[in-house]
Ligand code: NAD
């Protein structure tokens, strides 16, 4: 791989300084300037769509439709949302009303953190860099982007276009591999957004900790699918296989393995075979609708997993390392200790794991690291709720795969091994801003309320302070008190009923007479 486009390591501290100086110049305090830059970002992509399609064809063998769907559309959504909402997002807000403090006018305002560092992976390189950039600008931040060295054509194109379309002092691209990124991470940033695998995520987290830099980690994992045998099997097979083969499985939200009841495996496999034929009538290798793996090293890694599996190939399994091609592959009867069930495959291999029932499926999910998504295919609400209520993940998606990352208003984000923090839209803006609180206390407040706080302290001051303190919610009753309370209530009800019977009814009065009360 050519490294001629890498940023010289000695230039990196200069770029860092330029971005900080530009941020401190205060240019981005103007909302109008932020809006101009956000719009420019949209046109950077719009004017150069063909060049990005060509770059992604070189880097990933990407079909144009996948590029439009996964990279362009998602960026346009982010640009438009940031542009349309920036006034609302940045408006200062009154704090919740408090009788004691309202005169001070307490307010909250989202202010920029400073210079954001964004380190991106190879799989959807345009979306992974430009959508956070929209959020960073909306928040009033400068940003330095570090594209993946595994997608060199896209990385070079970004390095060429960012200074052409955006403010040259505020926004920068640093290109390079491990040595360059290591240098970048030695420097102090005001926030780091890292998207990629968990091994490097730990390196980034350690570097961020050195400077107490806040961090968003968007990591990966193995996303499970639970299939209800009563589901619409054709629809399930179509959406699951689409999610697995899009971008040749190199999507963080791609479904990795499917938990199906043993008795349903044959029917599900038949449906997958039909869908596979309809997707690639002339085979996937020559199809214009099928992508390549990012590098020979990753192609070999995935092929090794296929060769080591004890599962049975339903279709696919073949590979061409030099062409970075792995056929869309479905494996059935995959056991939990299979190599395919270890690390994240991040390739077009779908494993089917037969289970006894939904409880076993839930246990399998819970015994593993938290995934970015849990998918369930079922028309039965009780089945969906059972799986979602008893598992944990970044997202809980019914009857769909992958598509959730493009839905405006819902963020992407992981849990545990799949990361922390949120991505896209207002949530991205929130990651890149901090809430600065303010108040302004008029002098007369001391005369009528808070004068007691100044020494020397007097007994009236303590009284006033107690009067100003918030009251507490009702004291919770202990379980035993609650049980005793219920028993007393029951006895009282019995007593009242007995008294009413003896006083108000004929047989009651007769009984009283007989007993000569
Ligand atoms: P990658 O190899 O492109 O690496 C990601 C970034 O880390 C690159 O910019 C690279 O230069 C940098 N890097 C690599 N080694 C480094 C080191 N030693 N020190 C510092 N920086 C280093 O991509 P990847 O990590 O293989 O990406 C795929 C992973 O990303 C998958 O696990 C996928 O699930 C995950 N992912 C997550 C999301 C999400 O939103 N949660 C989105 C996309 C991808």
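The chain as shown is numbered from 1 upward.
Each residue, glycine too, has its Cβ placed from N, Cα and C.
These features come from TrEMBL:
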ACT_SITE  218  active site
ACT_SITE  252  active site
DOMAIN    10-436  domain 'Aldehyde dehydrogenase'
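Between the alpha carbons (Cα) of residue 218 (active site) and residue 252 (active site) lies a span of roughly 9 Å. Within the same chain, residues at least six positions away from residue 252 (active site) with a Cβ under 8 Å of its Cβ are 123, 195, 218, 219, 220, 221, 372. Mapped onto three states, the DSSP output places residue 218 (active site) in strand.
Residue 252 (active site) carries neither a helix nor a strand DSSP state and counts as coil. Across the domain 'Aldehyde dehydrogenase' (10-436), the prediction's mean pLDDT works out to 97. For residue 218 (active site), the number of other Cβ atoms no farther than 10 Å from its own Cβ, over all displayed protein chains, is 25.
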